[in-house]
Ligand code: FCB
């Protein structure tokens with residue numbers, strides 16, 4: 001099959017279901033001379049951290065090519081574009097505005113609005129200003145208050161241009177990958193760091209939400225969380241899988257919706273527990289207008305004596321980045337969350353696949369990626385049929401880009417990028433996505 005299809009009665013074929021594409025500042029922009037350094041600049045400059053020793057200096061050169069890129073986005077027929085703001089581009093070290101940086105984003109927002117494309121803005125997609133990391137980064141509670149000042153500055157500057165604000169993208173990745181296992185910036189390693197960083201990120205989210213409610217009450221405000229559903233290898237491993245689920249997934253949603261960490265917090269040694277001040281959960285649990293969910297894969301766990309759980313290597317089929325393709329876990333994730341929590345409306349803010357694309361005769365015939373999208377769109381539709389209120393879906397990503405620790409080796413785009421010429425070519429998956437969107441009656 002070379003097209004994307006949904007059942008004729010699917011609510012995902014309604015005109016008001018939002019389809020979009022997503023990117024993030026550090027992954028596409030380049031243009032590093034006009035902003036402060038961020039933790040990913042430093043991390044990329046550290047030997048051995050990035051698979052191809054690359055960095056974000058040029059990336060997709062979106063900083064210069066943004067006007068063409070917005071035309072490209074428009075040509076895909078999407079209703080919305082999810083982008084992130086680079087904190088070190090818009091705020092100087094003394095907290096004052098970098099007007100040139102703000103103007104860059106304001107021009108993008110205006111161009112999107114002129115084309116009737118809804119801007120979904122993520123305020124923090126991992127590019128923490130390096131000077132804040134030098135003061136402890138997310139291990140320093142004060143960084144949450146610095147984030148609040150940044151949200152204040154951005155919301156005032158952007159006015160009513162934004163359709164939706166998300167405070168953070170995937171605090172799990174910032175906290176666990178960045179401060180516990182060190183495979184993301186800033187590369188800190190230690191079990192005593194992860195949950196502390198997570199708590200300050202969640203606090204930043206709550207403080208940011210307060211500013212959004214005050215300065216931007218008419219936008220749809222929320223947060224983007226990632227989930228990797230945890231499956232047991234055998235029924236004897238159910239407790240291990242549940243523990244991993246609490247540690248990696250529920251840890252980030254439960255404080256926001258239920259004002260508490262999962263009860264496994266009591267099993268953690270004191271040194272690994274976050275420092276929770278009185279009133280923190282009240283701040284963290286600001287009402288959400290929406291919850292953004294990013295989904296790529298599931299994980300399988302077995303029991304482990306010391307570590308409680310151990311992740312097994314993913315079985316086939318896997319994508320080029322090694323993630324198992326298991327679409328039914330997407331439906332299950334959504335229905336499980338829906339029965340567990342009082343959820344606000346859901347937007348799938350990222351879903352997609354890295355594939356080993358080939359560029360032949362000016363085309364990328366990525367039927368493997370197209371098939372991934374087909375299966376996962378149906379998985380979302382199945383969840384909607386089971387009562388989950390999903391109102392939108394964003395493909396990750398608009399175009400191939402800097403895939404963090406993997407550098408430019410893994411391609412997630414529905415648009416191909418030739419990094420030598422910066423030429424963009426819509427892949428078969430992108431054409432099929434466009435056709436699905438335009439086919440809506
Ligand atoms: C998510 C990130 C996004 C991208 C995809 C593949 O964790 O939010 O920036 O790298 O994974």
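Going from the start of the chain as shown, residues are counted 1 onward.
Cβ from N, Cα, C; glycine included.
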### Listed in TrEMBL for the substrate site shared with 27, 125, 296, 396, 403, 404, one of 169, 226, 242, 249
169
### Query
Could you give the Cα-Cα distance between residue 396 (substrate binding site) and residue 350 (active site, nucleophile), in whole Å?
5
### Message
Please give the maximum pairwise Cα distance, in Å and rounded to a whole number, for the substrate-binding set 27, 125, 169, 296, 396, 403, 404.
### Response
18
## Note on the structure
Same-chain residues at least 6 apart in sequence with Cβ under 8 Å of the Cβ of residue 403 (substrate binding site), in sequence order, are 27, 321, 354, 409, 410, 411, 412
### Query
How far is it from residue 125 (substrate binding site) to residue 170 (active site, proton donor), counting Cα to Cα, in Å?
8
### Query
What kind of secondary structure is residue 169 (substrate binding site) part of, going by DSSP in three states?
strand
